[in-house]
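Below you'll find the structure, written out as structure tokens, and then a few comments.
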Amino acid sequence: MAAQLGLPLVSCHRGASQAASSSAHLVPGASAIMQAGNRRQKMRAPALRDRVVFARVVPVDGSVGFAGSSTEQETAVESATPTAVPSKVVLGRSSFPRGFIFGAASAAYQVEGAWNEGGRGPSIWDTFTHDHPEKIADHSNGDKATDSYKKYKEDVKLLKDLGLDSYRFSISWSRILPKGTLQGGINQEGIQYYNDLINELLKNGIRPMVTLFHWDVPQALEDSYKGFRSSEIVNDFKDYADICFKEFGDRVKHWITLNEPWSLSTMGYAFGRHAPGRCSTWYGCPAGDSANEPYEVTHNLLLAHANAVKIYRDNYKATQNGEIGITLNSLWYEPYSKSHEDVEAATRALDFMFGWYMDPLVNGDYPFIMRALVRDRLPFFTHAESELIKGSYDFIGINYYTSNYAQHAPVTEDHTPDNSYFDSYVNQSGEKNGVPIGPLQGSWIYFYPRGLKELLLYVKRRYCNPKIYITENGTAEVEKEKGVPLHDPERKEYLTYHLAQVLQAIREGVRVKGHFTWALTDNFEWDKGYTERFGLIYIDYDKDFNRQPKDSTKWFSKFLRT
């Protein structure tokens, strides 16, 4: 499809320059975009969590879940989507390949709390939420979060009781290196905390999947040299990663370098909704450059990732017998219409969100269409950097929540770029003619299970079928004013149908090896604060962070034992 759309195909076996040159003749679409004479339309900024899909799912008997007998204790799924699994599919753990990993996920700033305890230094999220509470929906912060720093044993017990295989969590960089650098000193209390967590997991039969960086840059590095806007951070991240591999790698066999670099670069530097809260002044930030900084930050993120992978492969992989990858997020995009322009726009949107990171990892350079449209604002890799980045993963983590429609936006060659988000010339929307692409869950997730399967198949076709873990997938309830929202049928439905799509993708040859539900517990949801709840486990923030299983946990536990 990519060649028909006038976009370059990615090769897993050729160098970046060769792939780019061989595909240049395939870009009539890019040329047409560059020469279009219409004025550029105003494009919609991303929705608040920026994952925005189209399928009505029809439960077989009006409910999705478990009945009484052992043969019925599996999830029956019927789908009205043309590419979904066959009309009735019975699902349980045994439906998936042997060794498939089921897990749940979290992130340090979202759950740990203890922001100024145990020797931890501040991160940019501490500064952002303290200095700009108006940027958070309920003016809250992660100072206490879910108190997992002190209640980690309770969380491990919940994982075990559910029957999950793995726990994906992140390490707080500033809890290990309070000043962000090796020279600033290693915090042994932080080392001990993560050792205790890892050991508790293993004692209970739960394997850790550890993310090194989930957006919480040490504030000291932001103050010293502007954080990920500077290439200086690459060596400091490499030192931090080296410490983690050395201290924890004898027990951690699954490493993720970065979580959702797109979210940091776009939400943190194009719109200022996330830390460090930078964007151009006309988007409401005191300082920033929405047209350039996201590209600079992404460039340094990719170099930091590649250098950390090299350290692991050179010094640890052979003896520790682990694997290392990166987690990328993406929506799936359906063309707004059947027109060639909208079909091409859907692929272009994928290039600007997913390909922005995946193309360098596979091919050593950014997508050709980005080079054509962004031009000199898109940084270049040296030959050595390109070779370092290319192939720097054992697996790819994919975070999927929802999908959007993609509509071609008319382009002018002489426009003045003001935001990287609009450089794709794609209007994105969760609705078409006032009709949502799928039922709305929470405030921003349109229920579209088919999008997950289509994204997985796209990655298989375009990027040489890498090993994949679904590292985040889940839905939310908006916080209720009264009562305890333990009744969460939408989560049960969401997970049922998305797992069915994962299974179908596996049957079609995609190398998916695991699925991690977001999230184990309710938590601090970034700019949403505590107004939305993604957890399998309810957190009572008013009563000592009491943990209570929601209704979906009963279903999920049975699913995992079937």
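Using N, Cα and C of the backbone, Cβ positions are placed for all residues, glycine too.
Swiss-Prot has this to say about the protein:
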type: TRANSIT; residues: 1-44; note: transit peptide
type: BINDING; residues: Gln110, His214, Asn259, Glu260, Tyr401, Glu472, Trp518, Glu525, Trp526, Phe534; note: beta-D-glucoside binding site
type: ACT_SITE; residues: Glu260; note: active site, proton donor
type: DISULFID; residues: Cys279-Cys285; note: disulfide bond
type: ACT_SITE; residues: Glu472; note: active site, nucleophile
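Taking CA atoms as the reference points, Cys279 (disulfide bond) and Trp518 (beta-D-glucoside binding site) are 28 Å apart. Separation of the C-alpha atoms of Asn259 (beta-D-glucoside binding site) and Glu472 (active site, nucleophile): 10 Å, rounded to the nearest whole number. For Trp526 (beta-D-glucoside binding site), the count of additional Cβ atoms within 10 Å of its Cβ stands at 25 [all protein chains shown]. Put simply, Trp518 (beta-D-glucoside binding site) is 5 Å from Glu472 (active site, nucleophile) when counted between their Cα atoms. Cα of Gln110 (beta-D-glucoside binding site) to Cα of the residue listed as 'active site, proton donor': a span of 15 Å. For the binding-site residues listed here (Tyr401, Trp518), the lowest count of other CB atoms within 10 A around the CB belongs to Trp518. If you take the Cα of Trp518 (beta-D-glucoside binding site) and the Cα of Glu260 (active site, proton donor), they are about 14 angstrom apart, rounded to a whole number. Each residue contributes its Cα atom, and for Tyr401 (beta-D-glucoside binding site) and Cys285 (disulfide bond) those atoms are 28 Å apart. Across the residues annotated as binding beta-D-glucoside (Gln110, His214, Asn259, Glu260, Tyr401, Glu472, Trp518, Glu525, Trp526, Phe534), the two Cα atoms farthest apart lie 18 Å from each other. Cα spacing between Trp526 (beta-D-glucoside binding site) and Glu260 (active site, proton donor): 13 Å, rounded to the nearest whole number. The Cβ of Cys285 (disulfide bond) lies under 8 Å from the Cβ of Gly272, Gly277, Arg278, Cys279, each of these being in the same chain and 6 or more residues away along the sequence.
Glu472 (active site, nucleophile) counts 25 other C-beta atoms within 10 Å of its own C-beta, drawing on all protein chains shown.
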